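Quick look at what TrEMBL lists:
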TRANSMEM  25-48  transmembrane segment
TRANSMEM  60-88  transmembrane segment
TRANSMEM  94-119  transmembrane segment
DISULFID  157-190  disulfide bond
DISULFID  158-174  disulfide bond
TRANSMEM  239-262  transmembrane segment
C-alpha cells in the first residue's frame with residue numbers, strides 16, 4: 001500500500017477530471033445559440049428604431065416594440081454571454097450569475113402569468129386601453145395600421161368593444177363637424193371577406209357607423225376585438241400552455257446544466273487541493 005501511495009497518486013490520478021465534457025459543451029452550445037439570436041434581436045430592434053425618424057405612433061402600445069426588442073436582446077446577450085464564457089472557462093462566478101439571472105427571468109414569467117390570470121379584469125382593462133389608443137393613432141403610423149388590419153382580419157372583429165369604437169379616430173369620427181371623407185366609416189379590414197373578390201374594396205366600410213348593428217352586420221364584423229381575443233384565448237389554452245412550456249423548458253434545462261457543471265467544478269477544485277496538500281507527503 002505504501003508503494004502505491006509513493007507513486008504520486010491519490011484516490012484519483014492527476015489526469016482525472018470530475019468535469020463532464022458533455023455537460024460543459026452542451027451548455028456552451030446551448031448558450032451560443034441564444035447568444036446569436038440575441039444579437040439578431042438587437043440588430044432588428046435598432047434598425048426598426050432608426051427607420052423612424054420621428055416618435056412613432058406605436059408608442060401608444062405602452063412600449064415601443066423596437067425598444068422592447070432591443071432591451072430583451074441586450075439582456076439575453078448578457079445572460080447567455082455569462083453562460084458561454086462560464087462554461088468554456090469553467091468559471092463558477094459567471095455560471096452562478098447565469099443561473100441566478102435565468103432563475104429570476106423564469107420566476108418573473110411565472111409571476112406575470114399567475115397575476116394575469118388572477119387579475120384578469122385589470123388585464124382586460126389594460127388591453128382595452130391599448131386597443132383604444134391604437135385606434136386613435138390608426139392613421140399616424142403605417143406599421144400600426146398594418147398591425148390593426150391584420151388583427152381585425154385574422155380575428156374577424158372590428159374595433160375594441162364594437163365597430164363604433166372607430167369614432168374615436170379623428171378621420172372616422174361620426175360627428176357632423178368632421179370634414180373627413182371617411183366620416184362614420186370603418187377600415188376595410190372590418191369588412192366581411194369575399195373569397196371570390198379579386199380586388200379588395202378599400203371603401204367597403206363607408207358609412208357603417210351610421211348603421212345599426214343588424215344593418216351593419218350584413219357588411220362588416222360588428223363584434224369587438226377584445227371579446228373575440230378573450231374567447232380565442234379560452235379556446236386555445238392548451239396551445240398557449242404548450243408555448244409557455246416551450247419557453248420554460250430551455251430555461252430550466254439551462255439552470256440544471258449550470259448547477260451540475262458548478263458542482264463538478266467544485267469537486268474538481270477539491271480534488272486538486274487534496275492532491276497538492278498530499279503531494280509533498282513522502283508517504284503519499
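The count begins at 1 with the first shown residue.
Glycine is no exception: its Cβ is also placed from the backbone N, Cα and C atoms.
Caution: TrEMBL annotation is automatic and unverified by curators.
Distant neighbours of the transmembrane segment (60-88): 24-25, 27-28, 30-32, 34-35, 37-42, 44-46, 48-49, 52, 94-95, 97-98, 101-102, 105, 126, 130, 133-134, 136-137, 144, 254, 258, 261; these residues of the same chain sit at least 6 beyond its ends, with a Cβ under 8 Å from one of its Cβ atoms. Sorted by the number of other CB atoms within 10 A, the disulfide-bonded residues 157, 158, 174, 190 start with 174, the lowest. The list of residues near the transmembrane segment (25-48) in space but at least 6 beyond its ends in sequence, with Cβ under 8 angstroms from a Cβ of it, reads 65-70, 72-74, 76-77, 80-81, 83-84, 87-88, 98, 250, 253-254, 257-258, 261. Between the CA atoms of residue 157 (disulfide bond) and residue 174 (disulfide bond) there is a gap of 19 Å, rounded to the nearest whole number.
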